[in-house]
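Taken verbatim from TrEMBL:
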type: TRANSMEM; residues: 68-87; note: transmembrane segment
type: TRANSMEM; residues: 107-124; note: transmembrane segment
type: TRANSMEM; residues: 136-155; note: transmembrane segment
type: TRANSMEM; residues: 161-180; note: transmembrane segment
type: TRANSMEM; residues: 230-250; note: transmembrane segment
type: TRANSMEM; residues: 347-369; note: transmembrane segment
type: TRANSMEM; residues: 381-400; note: transmembrane segment
type: TRANSMEM; residues: 412-434; note: transmembrane segment
type: TRANSMEM; residues: 446-471; note: transmembrane segment
type: TRANSMEM; residues: 483-504; note: transmembrane segment
Amino acid sequence: MGSVGAERRRQATPVLTPEGNVVMSFSFESYQLEEEDCQAKDIPDKGVLTFTEPAFEEPMPDDCYHGIYFAMLLAGVGFLLPYNSFITDVDYLHWKFRGTSIVFDMSLTYILVALVAVILNNALVEMLSLHTRITVGYLFALGPLLFVSICDVWLEQFTTKQAYVVNLVAVGVVAFGCTVQQSSFYGYTGMLPKRYTQGVMTGESTAGVIISLSRIFTKLLIKNEKKNTIIFFFFSVSMELMCFVLHLLVRRTRFVRYYTKRSCHDHAEMRGHADPGTGYRVHHDASTEEVRFDNGAVGASPSEFGNEVEIAGGGTYMRFDVPKPKIKKSWPSIRDMILHRYVVSRVIWTYMLSIAVTYFITLCLFPGLESEIHNATLEDWLPILIMAIFNMSDFVGKILAALPYDWKGSRLLLFSCVRVVFIPLFVMCVYPVGSPTLSHPAWPCVFSLLMGISNGYFGSVPMILAAGKVVPEQRELAGNTMTVSYMTGLMLGSAVAYFAYGIIANGSTPHAEALHNSTSG
């Protein structure tokens with residue numbers, strides 16, 4: 001009868017009235033009674049109760065043609081593409097700001113601002129809506145990219161010193177916007193199935209691959225340094241706009257709304273915010289055919305029943321709507337915010353350390369130290385090729401992270417620490433200056449390949465698994481907490497990269513000048 005398979009009804013409670021009639025009391029929770037036209041549906045029985053299922057129990061939607069996965073992959077492209085655009089044109093940076101540590105300065109600026117942004121985003125996760133934070137992040141990423149490409153690269157409105165400062169400020173603004181996006185997206189995908197977190201992290205590597213290929217092709221096809229850099233930046237702006245528009249479309253899909261609403265429902269239920277006013281009590285007096293409804297708390301006494309509701313002609317129940325009570329939103333206290341994060345961190349601390357160590361080791365070497373590896377034969381092409389190899393192998397590593405294997409946190413941490421061997425290997429590719437121990441260009445290419453694959457894999461698996469270790473209502477917070485660890489590793493790695501740069505700084509500048517002169521000649 002109607003939706004009888006989905007109804008949830010309490011046991012009937014017989015109650016004697018003062019007249020001696022038996023009244024049967026039924027309770028229905030969280031359902032609305034709907035008017036049903038029995039004749040139109042060819043149902044012979046009258047007086048049938050129909051119920052509407054709540055939104056969180058709707059059938060699980062499918063990701064048709066893997067469109068949502070592709071959108072999440074492009075989301076990962078969107079929040080790392082602007083930064084990659086600034087550092088991948090390393091040949092242009094060395095040409096315009098020759099003799100400076102511009103790549104190291106950009107890297108450190110990005111990491112410092114990003115760490116502040118991720119901590120701020122982690123604090124505001126319960127105060128600002130998810131999509132508000134993502135939209136603001138996209139706007140902060142697009143603005144500086146457009147400004148630098150038009151005003152600095154194309155129109156050349158600044159002197160060299162001014163352009164140096166403008167680029168660093170632009171990287172700082174991009175860092176803030178992209179990190180707010182990134183942290184929010186990990187919380188976002190934490191509410192979706194695990195493969196979508198892997199999709200976002202694969203998108204991060206895809207951004208590096210796309211930008212590396214874009215730089216290679218623009219440099220090959222257009223010899224003029226200024227023109228190929230302008231086209232390179234405009235391509236990046238177009239890609240970022242496409243990612244933004246796609247996010248606005250995907251957030252409204254039935255698939256995304258289903259999982260985000262379910263997580264919000266679980267969170268509200270956990271905090272005791274379930275709606276107490278949508279339950280119904282139906283009281284049927286068998287002798288007088290009297291029906292009464294009450295939307296009070298289930299289990300109330302018969303004396304607390306609400307107003308009587310008449311039966312429409314033929315015994316069909318009339319629609320009975322009760323507005324949902326409005327719940328006043330309040331921001332959590334500082335103590336509650338710290339406690340929530342402490343509870344989550346106790347569960348996923350090994351995954352937090354694992355991702356921090358992985359990115360710490362990577363940022364010690366990429367992009368700073370790798371950009372300083374030169375060769376007389378390949379000239380300024382060698383840093384571009386090394387970065388391209390790293391980005392492509394990192395992409396492969398993040399695809400491998402989709403393979404189903406349930407790593408233990410302690411084992412992940414061990415393998416992440418083993419990667420420290422890459423630091424002395426890359427140092428031998430640049431030291432001693434002028435005649436490094438590993439001088440052949442094949443060495444840094446092989447090391448970059450191995451480091452990229454391991455970075456892609458061990459940088460993705462902790463993020464993918466961490467969200468599954470907590471209850472659904474804590475997954476967004478777990479994603480944001482993991483991003484704090486991720487950014488902490490990046491910051492410490494950039495600091496060590498400056499120390500490594502100090503080892504080769506005395507001799508690298510004359511070498512770079514000689515390389516620039518030979519290239520110009």
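Glycine is treated like the rest: Cβ placed from N, Cα and C.
Below 8 angstroms of C-beta separation, residues 93, 103, 106-107, 110, 137-138, 141-142, 144-145, 148, 167, 170-171, 174-175, 177-179, 181-182, 185, 189, 192, 195-196, 199-208, 210-211, 232-233, 236, 239-240, 242-244, 246-247, 249-250, 253, 255-256, 367, 371, 391 of the same chain, each at least six residues beyond the ends of the transmembrane segment (68-87), sit close to that stretch. Between the transmembrane segment (412-434) and the transmembrane segment (136-155) there are fewer than 3 Cβ pairs closer than 8 Å, counting only residues 6 or more apart in sequence, so the two stretches are not in contact. The transmembrane segment (136-155) makes contact with the transmembrane segment (230-250): 3 or more of their CB pairs lie within 8 A, with pairs spaced 6 or more apart in sequence.
For the transmembrane segment (446-471), the partner stretch with the most Cβ pairs below 8 Å, chosen from 161-180, 230-250, 347-369, 381-400, 483-504, is 381-400.
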